[in-house]
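A short worksheet on the structure shown next.
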């Protein structure tokens with residue numbers, strides 16, 4: 001008798017995606033982050049659902065409803081901090097996942113990669129709107145500053161900003177719609193993740209060498225299910241260490257002050273995972289130029305498929321490209337540090353140099369290094 005998992009219409013889909021899926025035998029722990037992102041998304045949806053049961057999206061009561069969750073709701077504090085720090089874990093996994101894709105040339109899977117870039121944008125939008133919901137000082141001023149960037153768009157900018165605000169400033173209408181979008185977007189992200197997997201399973205996974213693995217593949221279960229469970233346990237352990245020992249480590253103290261439109265905080269900055277993009281935005285004196293650089297800093301990921309000049313897919317056997325990749329990682333860490341610093345000397349010039357280096361590395365140095373690598377191998 002044929003196994004039900006191979007014949008049942010629903011079980012068959014799960015079987016082909018997670019059980020009998022042929023996977024390369026040599027994929028390393030860098031391939032764990034896809035499943036970890038799935039774990040993070042489920043965790044965020046569940047904790048978010050329980051928070052939404054007690055949260056009120058109204059300027060008068062939003063801040064006190066978050067306080068109520070932490071003080072009066074059974075285990076409300078742990079749900080709240082798991083959700084807040086879960087977002088940080090989500091972005092750590094996202095950056096690792098994207099970094100692995102860049103290093104091993106996964107961007108040559110065009111559809112999978114571009115759906116991934118859309119997923120990154122959707123996740124960033126969700127995180128930004130979620131940060132606005134507690135209605136603390138940094139929530140309010142962060143929402144004001146970031147939405148105001150759209151006013152840099154010629155002709156329609158001001159109208160667009162007021163349309164998003166639902167008035168002439170960030171107020172009740174803005175908070176209500178941000179809550180609505182913050183609630184619906186994770187489900188859209190989940191649907192996009194399925195599309196992402198669908199395209200991935202059309203081609204099969206990439207491997208560290210970047211060459212076809214058709215000759216040497218193993219079933220996904222039990223080998224990679226066990227590996228993914230280990231990764232998930234380590235992720236949850238790391239998250240719980242953060243939640244139980246230093247829940248406010250990655251947050252901003254200003255967000256424990258209720259939002260006040262009449263009092264601007266001395267340093268307005270987003271959450272740590274947006275600081276690299278914020279530093280690029282701030283390093284350009286022109287408003288429209290800054291906004292374009294901000295968008296391009298993420299959108300540039302889609303260009304990798306066009307500017308890949310190497311005859312090899314992975315960086316595994318390309319030492320010059322490897323060196324440039326790690327310089328890029330160091331540059332992004334520098335930008336993250338600069339984004340959290342005040343706008344004064346020497347941070348301004350460091351930010352500008354790091355921003356120039358970021359775009360130069362991706363658009364000029366990496367393609368040149370790949371061409372040099374080809375010539376050295378006489379290809």
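Cβ coordinates come from backbone N, Cα and C, glycine included.
Within the listed segments 205-225, 226-246, Swiss-Prot records transmembrane segment for the stretch 226-246. Among the residue ranges 113-133, 134-154, the one that Swiss-Prot annotates as transmembrane segment is 113-133. Listed in sequence order, 33, 34, 37, 116 are the same-chain residues at least 6 apart in sequence whose CB falls under 8 Å from the CB of residue 97 (heme b b566 binding site). On the backbone, the CA of residue 83 (heme b b562 binding site) and the CA of residue 196 (heme b b566 binding site) stand 24 Å apart. Simply put, out of 33-53, 113-133, 178-198, 320-340, 347-367, 33-53 has the most Cβ pairs sitting under 8 Å from the transmembrane segment (77-98). Put simply, residue 196 (heme b b566 binding site) is 21 Å from residue 182 (heme b b562 binding site) when counted between their Cα atoms. Here the transmembrane segment (347-367) has Cβ contacts under 8 Å with residues 279-280, 282-284, 293, 296-297, 300, 303-304, 307-309, 321, 324-325, 327-328, 331-332, 334-335, 338-339, 341 of the same chain, all six or more residues outside its ends. Under 8 Å, Cβ to Cβ, and six or more positions away along its own chain, residue 201 (ubiquinone binding site) finds 16, 17, 21.
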